[in-house]
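The next block holds one structure in the form of structure tokens; read it before the comments.
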Amino acid sequence: MNSIFLEFNLPKAATWFYFSLLLAVAMFFNFRRPLSLRNWDVLGLFLIAPGFLILEEARHFQNEAAVSAAADVAAAANSITKTSNTLVESEATRALRLICTHKILYAYIWLVSASFLWFLRCLLDLGLVRRPYLPINLNNAGLTWLTAALFICITAAAIRRIPELPAESSKEPIALTRVTDSATSIFASQNADLNRVDTRYWVEVSASLFGHMVIVVILFLIGYIHFKESEAGLGAACLYLLNPSTAYTVQQVHHVWPAILLTGAVLVYSRPLVSGLLLGVAAGSAYFPLLLFPLWFGFYRGRGAGRFFSGFLFALVVSVAITALSLGWTGELSEHLRYALDLSDWQAWKRPKTESIWTGTHYAYRLPVFSAYFAFVIVTAFWPSPRHLGHVIAQSAAVVLGVQFWYADKGGIYVNWYLPLLLLMIFRPNLTKVRPPEIARENDWLLRQLTKIGRRLPKFRRFKLSRK
């Protein structure tokens, strides 16, 4: 017997957008200082969501156009007076397709424009020194409770496959695809009752939800350890789950996986080797974090840059090698290499073949955008100097935001790549003195270990090495 108390329906995308906006304003808006920067930041985080809603509306017209086209085919097949084998679309179908095309273009214009505004905000943050304390309108116990409740809500949204959520899917990096396929095969062999499609769905949902949980924990730890404010960490974690972009892409692992590694690198910034390992894995599996290397190498210059480079290079090579061996084992390596070299998503000089803002505008303008972005990435290796953790957070977010401008595979929807970094930038205190620690020679454990290894080498080998 069904009970009215068990008829729990999740809100639609637009409803969740308005509800989360009202809740965020109630919690994080400082009504005593209405023009404060954090107030504008909180509102700006919700400036991105309308782009997803426009995309959802475009998908609605796309489905209607498909139904209308099917009706045209049926009408042509049943027509007795048909004189040609050429199928002519009806005016209604053409109108629906035109509306869909325009809606998609407007959606990506909105998403890229919002990304550009946040890109400028990240650059502005580099010059902000004073960070006045602005308390959150809820104590830590309330923030903890609300964060847990929000996580349960997005878990329900992921499990129930809500069709109203505008979950914009995109191509998954091959490294993550291989891991997902392997996990699916393992679980499918142990659960004969589930088919492969359902098994893959549950693997992806479980991995994605676990990833969101890890990000929430990392945001709290950064606030507690590096910001010295547990309230800031809880606020960032709560606002991360409250943001509509998190709910819209809650089922997609490749949206959350890079963010885990990037925020993890911020958490362990005082250990250059570990940060390098995390960013190397991110670059080897998601590729775009490779663009963060100049920035982070400049951050560690004179304070462990060699360790960071060693960890980054080792993790990158191992990640790429594992993917290559996996593809080579199944005989797909050459095929994927040809596909990657022909892919226009990351080659700005090629005509885009996937949905993005560049399919609605001339792709020739994409090359100067990419050139300007690449110049910015190079500049991050040297500017600003000296650099503290606040600079690194803001510049890392700017670098990831810049990818949205020229990336041809739905550039603009990858909000979760940079959202945790934006939240850290919004809630951070003054971090002027937070820099990587200097490594004294007498306290350098890595140097001691290398010295011990060198002493154990045979004398003739040590002589040859010294001659070099």
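Just so it is clear, glycine is given a Cβ too, placed from its N, Cα and C backbone atoms.
Residues or ranges marked as transmembrane segment by TrEMBL: 13-31, 104-121, 141-159, 201-225, 273-296, 308-329, 363-382, 413-431.
Taking residue pairs at least 6 apart in sequence, the transmembrane segment (141-159) and the transmembrane segment (413-431) share fewer than three C-beta contacts under 8 angstroms. Tertiary proximity for the transmembrane segment (363-382) is limited to same-chain residues at least six positions away from its ends with a CB under 8 Å from its CB atoms, namely 291, 294-295, 297-298, 348-352, 395, 398-399, 402-403, 405-406, 408. Within the same chain, residues 147, 151, 154-155, 158-159, 161, 180, 183-184, 187, 194, 231-237, 240-241, 246, 250-253, 255-257, 259-260, 263-264, 266-267, 420, 423-424, 427 sit at least 6 positions outside the transmembrane segment (201-225) and bring their C-beta atoms closer than 8 Å to a C-beta of that stretch. Residues 38-39, 42-43, 45-46, 49-50, 52-53, 56, 134-138, 146, 164-166, 235, 238-239, 242-244, 247-248 of the same chain lie 6 or more positions beyond the ends of the transmembrane segment (13-31) yet place their CB under 8 Å from a CB of it. Panel annotation: around the transmembrane segment (141-159), residues 8, 10, 27, 165, 205, 208-209, 212-213, 216, 231, 234-235, 237-238, 241-242, 246-247, 250-251 of the same chain, lying at least six beyond its termini, place a Cβ under 8 Å from a Cβ of the stretch.
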